[in-house]
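Features reported for this protein in Swiss-Prot:
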- Asn10, Cys11, Lys12, Ile146, Gly180, Ala201, Ser202: substrate binding site (BINDING)
- His93: active site, electrophile (ACT_SITE)
- Glu141: active site, proton acceptor (ACT_SITE)
Amino acid sequence: MARSPVLIINCKNYKEAAGGRIDSLAAAAAGAAAKYGVRIALAPPQHLLGAVKGEDLTVLAQHIDDKGVGSTTGYVVPELLGESGVSGALINHSEHRVSADQVASLVPRLRGLDMISVVCVKDSAEAANLSRHRPDYIAIEPPELIGSGRSVSSERPELIGEAAEAIRGADGTKLLCGAGITSGADVRKALELGSKGILVASGVVKSSDPAAAIAELAQAMS
């Protein structure tokens, strides 16, 4: 998923992504990716990961556990995700945070599996700390703006620049921004400030017209 910019859609456990509705989201995302020439990744609810793996999309898990293959009932194991066609995972999302030690273990583990790591952080200090492990992406998301409809690029624009500076020494790590992103204007501002892509959730999945929302964000990246 090295091509920039990238749009990651986190479906969380929203009912709007349940059942057959994930198929509509995946089709809309694949269509927008082809039309606008941007990379789009979808992170469906964990039990629906297999439902979208056949689409022309990058599929990410919303969370992984630092557990091994074998007798680890209920845990999400990176190796098995890779065997199932999943391309990578979000790590340390604000709704499912893990320890710094787990990040330090999981990022190189995904790298060894040729899988994508997207490490979520709440501020530039955490970005600096966790970028030392050289994940593919650091996603800056102030928790107070997540799901608020108030975008980080308009409410906290300085944070994007600070985070970009914080990860500058992490070779190969790209910055994403999330929290409150709902419009093409939000996307364009974030890219101007140094972000290489967007992590979005409710702004797409809970939109009255998810396909139109995806198209607007993708077009702003093209």
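Cβ coordinates are placed from backbone N, Cα and C, and glycine is handled just like the others.
Here the features listed in Swiss-Prot are painted onto the structure.
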residue	record	CB count, 10 Å
Asn10	substrate binding site	27
Cys11	substrate binding site	25
Lys12	substrate binding site	19
His93	active site, electrophile	25
Glu141	active site, proton acceptor	25
Gly180	substrate binding site	26
Ala201	substrate binding site	25
Ser202	substrate binding site	20
Just checking: which of Cys11, Glu141, Ala201, Ser202 have a Cα that is within 10 Å of the Cα of His93 (active site, electrophile), counting only these recorded positions?
Glu141
For Glu141 (active site, proton acceptor), identify the closest of the binding-site residues Lys12, Gly180, Ala201, Ser202, judging by Cα separation.
Gly180
